[in-house]
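Lifted from TrEMBL, the feature list:
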| type | residues | note |
| --- | --- | --- |
| DOMAIN | 44-399 | domain 'ABC-2 type transporter transmembrane' |
| TRANSMEM | 43-64 | transmembrane segment |
| TRANSMEM | 204-230 | transmembrane segment |
| TRANSMEM | 251-277 | transmembrane segment |
| TRANSMEM | 297-319 | transmembrane segment |
| TRANSMEM | 331-349 | transmembrane segment |
| TRANSMEM | 385-406 | transmembrane segment |
Amino acid sequence: MSASPTAPPRSVAAPAGAAMGSAQEIRLVAAREFKSQMSKKPWLISVIVMLVVVVGGIIGFSLFTGGDHQAYRVAVAGASPAALPGLSQVTDSEGAVIAVSQFEGDLTGEAATAALAADDDEVAHLDMILDLTGATPVLRVHEKASEQVKAGITAVLQQAALSDRITRLGGDPSAVATALASATPEVDAVSPPKYEDKGFAQRYAFLLTADILLLSVIMGGGQILAMGVVEEKASRIVEILLACVRPTSLLAGKILGIGAATIVSFSLIGIVGAAAARTVGLLDDVDIPINSTMALIMTWMVLGFVLMASLYGAAGALVSRQEDAPSVTTPLLMLGMIPYMASIFMMQGDPDSTLYRVLSYFPLFSPYMMPARQILGVSSPAEQAITMAATLLATILLVKLGSVVYTRAVTRTGSRVPLREVLRRAA
């Protein structure tokens, strides 16, 4: 069955529609689409489920990586901690400085045993007691000593013994320490990393979360838009709507309404996730400006969605049956997966390489790669501004193209409308 040669709907609008301006038509359609999307139970359930998954994943990641790390507690017996200043620089396996205190009491009594056996969150808990009461230092622990702390304390005690021996021989311990420090080799990397890798796990998790949110908004929202266009076309509701509003206003309103519902929902997920990550301390060791980065991600959400939504709306107008929709939306979905995967690969490679830098300037790649570059700390404000301007220009052009295709094809029923035919008629 061939496509019905219905005339372009430019003259279909009734006088009632003509009485309204384009802005009012767009507002009416956008409000309708927003309310319709936000009132759907499956949509609300999916948003709630994603909220639970994101928050639960952040909490689980925090617990898996240690959560709120308690300082390794070491008490010194038989000497003052001030006599061993190097103890204040010893770190545990997590890289945190140990907490040093003076032990008061009998080392062989129940107090020492109880302190070592106490839970980590108890005030009296001790991880280790450094016993200096005898001729040989002893490290008393409940079960097993931290190898990192043991090595650090051993180095401090050996340095103290060496300084004492040098003093007895009439030497200057500080001069010897200076000489030893000057003999420490410096590291000269031939190919140093071009970005800061501190907090790699946190940055990677943040980037993955941001990319998933962007993909859900841009691709997921586009799919919703396309399916809505096909549904209205299949049920002939679009003909009723076009009797009241212009086709360009209908498409623009659908983009704004569905886009607003999608962006609001997933922005909420992102904001709650960022707040949860900040609460559990996952981002404490990462120099990422959370507020400005979240604002940047949301800006790219809007640009990326409008960029692709116009194409999804036009694609949906080419078919009249739900079962034909995948034939026009799948190519767009595959096209959108390319920049998504590129941003993931960029994190695993060198994000400041020429390849990724150049790709970031292409409007199709920018909504994914520019937030990723911001998270990785390799993007400048000027770079963000230039790519936003380029993406905005491309968005305007694609919106015009999408509106032409939508206007020419939305009232044509039957088999799939060839895109080449629509564009040729537009020319």
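The backbone N, Cα and C atoms fix where each Cβ goes, glycine too.
Panel annotation: around the transmembrane segment (43-64), residues 37, 205, 209, 261, 265-266, 268-269, 272-273, 276-277, 280-282 of the same chain, lying at least six beyond its termini, place a Cβ under 8 Å from a Cβ of the stretch.
Counting only same-chain residues 6+ beyond the ends of the transmembrane segment (204-230), those with a CB under 8 A from a CB of the stretch are 33, 37, 54, 61, 238, 254-255, 258-259, 262-263, 266-267, 269-270, 273, 277, 282-283, 286, 288, 297, 300-301, 304-305, 307-309, 311-313, 315-317, 319-322, 324-325, 328-329, 332-333, 336-337, 340, 343-344, 347, 367-368, 371-372, 375-376, 406, 410. Counting same-chain residues at least six beyond the ends of the transmembrane segment (297-319), those with a Cβ under 8 angstroms from any Cβ of the stretch are 210, 213-214, 217-219, 221-223, 225-230, 233, 251, 254-255, 258-259, 262-263, 266-267, 270, 325, 327-329, 332, 336, 363-364, 366-368, 370-371, 388, 391-392, 394-395, 398-399, 401-406, 409-410, 416-417, 419, 422.
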